[in-house]
Amino acid sequence: MIRIGVLALQGAVNEHVHALQAADVETVIVKKAEQLNDIDGLVFPGGESTTMRRLIDKYAFFEPLKQFAAAGKPIFGTCAGAILMAGDLAGEEQAHLGVMNITVERNAFGRQRESFEVALDISSVGESVEAVFIRAPIIQKAGPNVRVLAEYDGQIVACQEGPFLACSFHPELTEDNRLHQYFVQMIRELKISA
Ligand code: GLN
């Protein structure tokens with residue numbers, strides 16, 4: 001059975017665990033870097049990216065996470081999780097893990113409306129997928145190998161680059177777990193071709 005970890009340093013951890021369980025996979029609450037060796041994929045939850053980064057450093061996760069990504073293991077980042085994955089952060093000197101060729105602007109929707117919910121059409125995933133945005137970032141730029149999966153208000157809000165999936169919103173806060181199912185499917189396909 002596929003085992004997917006949820007990085008459990010801060011943020012909406014349990015909600016992701018429930019969404020993954022509904023997608024019929026085994027879940028692991030990841031609190032120590034060694035646990036990365038036992039999983040097929042990893043979710044970075046939403047929360048607060050600066051706090052999460054501080055805890056990544058404090059609990060010696062930085063290098064192991066870079067290695068996990070360098071090995072091509074799938075990662076799904078939602079909201080603050082997408083911020084952690086970006087190669088570039090608009091207006092900030094340093095990115096965090098830099099595993100995707102995307103530029104992310106933090107709190108970009110938040111300035112207009114703190115939080116809102118919309119139904120999004122997401123390529124390869126489905127139509128009218130429920131999406132909750134909370135002080136959400138936008139994906140300002142996407143590199144040539146990045147596939148844009150969804151836009152809202154003319155801005156990229158979901159994309160994929162090989163084994164890495166990122167979205168600006170919180171798919172774990174709704175009962176609609178099609179994006180989690182898509183991530184599980186990505187892992188299955190990678191396992192078959194490995
Ligand atoms: N604004 C948050 C950040 O910069 C992300 C918000 C979220 O994950 N809901 O980390």
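First residue shown is number 1, and so on along the chain.
Note that Cβ sites are derived from N, Cα and C of the backbone, with glycine treated the same way.
Secondary structure at CYS79 (active site, nucleophile), taken from DSSP and collapsed to helix, strand or coil, is coil. If you look up TrEMBL, you'll see CYS79 marked as active site, nucleophile.
Per TrEMBL, active site, charge relay system is recorded for HIS170 (among others). Within 10 Å of the C-beta of HIS170 (active site, charge relay system) we count 26 further C-beta atoms, all protein chains included.
For the recorded site, GLU172 (active site, charge relay system), the DSSP three-state label reads helix. Annotation comment: TrEMBL describes GLU172 (among others) as active site, charge relay system.
Neighbour density for ILE134 (L-glutamine binding site): within 10 A of its CB lie 19 other CB atoms from the protein chains shown. The feature L-glutamine binding site is assigned by TrEMBL to GLY47, GLU48, SER49, ARG106, ILE134, ARG135.
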**Study point:** Chain-internal residues, separated by at least six, CB under 8 A from ARG106 (L-glutamine binding site)
**Key:** SER49, ILE83, LEU89, ALA90, GLU92, PRO137
Practice item. Pop the Cα-Cα gap between CYS79 (active site, nucleophile) and GLU48 (L-glutamine binding site) into the table, whole Å please. Key: 9
Practice item. Report, as a single number, how many Cβ atoms besides its own are within 10 Å of the Cβ of GLU48 (L-glutamine binding site). Key: 14
